[in-house]
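Over in Swiss-Prot, the protein carries these features:
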- K113: active site, N6-AMP-lysine intermediate (ACT_SITE)
- D32, V33, E34, Y35, D36, S81, L82, E111, R134, E171, K290, K314: NAD(+) binding site (BINDING)
- C408, C411, C426, C432: Zn(2+) binding site (BINDING)
- 591-668: domain 'BRCT' (DOMAIN)
Amino acid sequence: MHANELEILELTQQLNLHNYHYYVDDNPTIPDVEYDRLLKRLIELETQSPEFAKADSPTQRVGGEALAKFEQITHLKPMLSLDNVFDETEFNGFHSRITDKVGTALSYCCEPKLDGLAVSIVYRDGVFERAATRGDGQTGENITENVRTIKSIPLKLRGDNFPPLVEVRGEVIMPHKAFNALNERARAKGEKLFVNPRNAAAGSLRQLDSKITASRALGFYAYALGVVEPESWELADSHYGQLEQLRSWGVPVSQEVKVCDSVTEVMDYYNDIQQRRSSLDFEIDGVVLKVNQIAHQLSLGFVAKAPRWATAFKFPAQEEMTLLEGVDFQVGRTGAVTPVARLKPVFVGGVTVSNATLHNADEIARLGVKVGDTIIIRRAGDVIPQIVAIVADKRPDDAQDIVFPERCPVCDSEVERIEGEAVARCSGGLFCEAQRKEAIKHFASRKALDIDGMGDKVVEQLIDKELVESPADLFKLTASAMTMLERMGMKSATKLVAAIEVAKETTFARFLYALGIREVGEATAANLAAYFKTLDALKGASAEEFIKVDDVGAIVAAHLAHFLAQPHNLEVIDKLIAVGVSWPAIEEVAEEDLSLKGQTWVLTGTLTQLNRNDAKAQLQALGAKVAGSVSKNTDCLVAGAAAGSKLTKAQELGVKVIDEEALIAILS
């Protein structure tokens, strides 16, 4: 066997095993970075020797050529729907009808009712062959290439005890984390948002371009076996047992599946799942109850479009209609101006809802919503009330347009919206009371001016007692004034005032970071300081010049230009300089002195001779980028005392590791 063929085979088996542990057992056996390293190696080998690539290779999930349309597939046997019950009385009626026919010696296999898209997946000789949507139950759309991209679905079944042909039926879902990330990306681009994870999953599965599906992080859980050939193949005699067989073949099955032996146990299960609903990582709208004994299922049979032996026990409605009575505009800690709808209180999803976010002006325009409209409210993810649609034929003649404010409702500063962003923001910055507490907490934080003892609670009290309105006021505080704070005696107050005085002497990079300019983190602040060297040069720069700085793109450049164009922000800066905040002049550094330019370094553990922030600043002065985590792109890890997981990861990746003594030698 060719060396590449052997390694490709071994890597394919190894990665598929890790996928099984990750998606089926919910028990990852290797770090993500190690999985990525193995996958990268497999891609390299398959590129070199494509003739040796396996059909079940995880690289086959990236998506292929776009389709012109979806073909229709006739199901091997109909995919039926379920009847519903909505309360305990209706469930008891369902249970009575079952026991009247098969007696009381039965149990129920209970599982969450996933709110996704039902699909059929066919395996022939253990190899993934095709997949289709439920459609009308008789025929569905061929979504084989899209389903192939879902990482949790095995391309080859595990073991060798599966039938020659097996049909797996289950639900494709979009986890909450993936849904939120998808909508955040859409919101940032000003694109239409998905209303809920179910719509997102359905829309993702019906993409003609499977590469788009591959990017959507879909999940899958099997809920039943479909057709098995030959029919004589020995299967478990219970529904739960058959799900366990699916699990043993590497097919994901929900960990929430449980067998209940009585009506009381079923109700306990229902109530437990409903209580934990918001903590699950996927949307559910009830629980599915199936008679567990296969013999009973066969005896009970089917009605026209549903089995008699199963039902969906639905949760209370998550969508209701109500009246939009008005809109308030709230200002968040980053200045985001968010419209919040005031609603006629309505009970939905188990709680009374009286407010719902409208997100931004684009969302208001998309919905076409006005004050006075009857709207449909949904508890998205069981947590955040969301307006999903208006009821157009109920709009009154006196409905009023929702007008986005041009001035901040808190500080009267201009509300601005940067091109390419969906969110409007107050330009007041540190001047805006809504942003002030968080801004001053950031200003005093360890990575900014590092005022020892100036914690969040101290900042909140200083502002609540009107002792501080802007960062410059911190440097005017007296010990006697500080004793007005709770649990602050004269000794502690004197110590804190001394720490504030020490913080006056800082660095240009720390000062810039402390200002809290959007998207300007430590590394960007350091790059700005190194490039402009003086405050006057920075203040006089244009957006075009900001883009010339390392790691500064068009969006960050726009944030900088907007911040420095606001008189309020310039006044805050001038006041800080006036009270004595200063830093050493930055000298020109010759290119040959940037010995670490282009390198990425990480610090971990306790440094006993160097201050961590000083070490970081000195590394940056030599051109290095100092990161917070180890990756394959890390050039060197400095391991101090009691170094932990970062050191282990660096050793696994083969990253160069040095101690503090070696770092001192490099910096000296």
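Cβ from N, Cα, C; glycine included.
Positions of the features from Swiss-Prot, shown on the structure.
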residue	record	Cβ contacts under 8 Å, 6 or more apart
E34	NAD(+) binding site	E652
L82	NAD(+) binding site	V288, A306, P307, A310, T311, A312
K113	active site, N6-AMP-lysine intermediate	I284, D285, G286, V287, V288, A312, F313, K314
R134	NAD(+) binding site	M79, L117, A118, V119, S120, G140
K290	NAD(+) binding site	Y108, C109, C110, E111, H239, Q297, P307, W309, A310
C408	Zn(2+) binding site	V331, V337, E414, V415, C426, S427, G428, C432, A434
C411	Zn(2+) binding site	C426, G428, F431, C432, E433, A434
Check the DSSP secondary structure of R134 (NAD(+) binding site), expressed as helix, strand or coil.
coil
Cβ within 8 Å of the mean position of the Cβ atoms of C408, C411, C426, C432: remaining residues of the chain near Zn(2+):
V331, G335, P409, V410, D412, S413, V415, S427, G428, F431, E433, A434, Q435
Work out, from DSSP, the number of helix, strand and coil residues along the domain 'BRCT' (591-668).
30 helix, 17 strand, 31 coil
According to DSSP, which of helix, strand or coil covers E34 (NAD(+) binding site)?
helix
Taking C426, C432 as the binding-site residues to compare, which has the smallest set of other Cβ atoms within 10 Å?
C432
Please average pLDDT over the domain 'BRCT' (591-668) for the predicted structure.
84
